[in-house]
Ligand code: HPA
Ligand code: ZN
């Protein structure tokens, strides 16, 4: 099973590029940019990654991002993530970035975006990995600040496929951002949002109805509303689930209690993703392995996670067909 999971072609739809900052690169960039960090070694950084909930993670995650200053830093960050994608047979990835985490520190929007884009372009040429970029608004900040960030993004519309919503879900429900999402959609951006990670099922419903999202990030608390689960199933609304993240942030206490396999078997469009892999203990293959170790699954069921992600991705029908053929070929090889 391990070999099958390693070889299985994958598509990632929920990855915060700032969350792929490994402690070793954090150290290197801190030295290169003369930035003080409150740790003596990468091992000490890793030891500090003990989280009790989403907020306890976010506090450390925003602090870690302080070492990212120059375009080259954002390039290095993104390139290291893409090398992990290559190792894990990720064919396509749709990554989030949080512009406000950087513009609030005086880093220009285009410095961040240019570094990320340069690495993604190199990966397409040299590794054959395709990608899209989604810009997230930080929901603990105001809607006016999100509107200002949307203005900054308009000149780069050709490089950013959509907008998302992340950070602290508790106390910052989707409806706080209905104006900025309407404006973004009118400008041609696709919408997604984190909902139903720590917040209630109602946030999932409101993200769909009030923000017009085409995917729900996390969404695992949908099970608290049976009618909503039925609707998600009927509409094939994708959920970008992040198993290791959910364990680390105590959304579930144990992987055997995670509902992703049950939702898959009910016919929902659930997908496996890594969220913030440097903080949560694993990239795509690790997430697949963790789910498969805790739940007895067939090759076809595991492959269905990738088929769902292909269906849920923001790419052309031609690209989707090409990726589905790659999945077919690996499944056939392992059933021979
Ligand atoms: N939830 C909310 N905000 C985030 C996350 C998450 O899982 N990861 C990075 N920012
Ligand atoms: Zn996330």
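From the backbone N, Cα and C atoms, a Cβ is placed for every residue, glycine too.
Note that TrEMBL annotation is computational and uncurated.
For the Zn(2+) site that TrEMBL gives as 14, 16, 194, the extra residue drawn from 73, 76, 88, 275 is 275. Other residues of the same chain near the Zn(2+) site, with their Cβ within 8 Å of the Cβ centroid of 14, 16, 194, 275, are 15, 19, 96, 166, 217, 218, 240, 242, 245, 273, 276. When Cβ neighbours within 10 Å are tallied across all protein chains shown, the highest count among the recorded positions 197, 275, 276 belongs to 275. Cα of residue 14 (Zn(2+) binding site) to Cα of residue 218 (site 'Important for catalytic activity'): a span of 9 Å.
Taking CA atoms as the reference points, residue 197 (active site, proton donor) and residue 275 (Zn(2+) binding site) are 12 Å apart. Proximity of the recorded positions 218, 275, 276 to ligand 2, judged by a Cβ distance under 6 angstroms to any of its atoms, singles out 275 in sequence order. A sphere of 10 angstroms centred on the C-beta of residue 16 (Zn(2+) binding site) encloses 27 other C-beta atoms.
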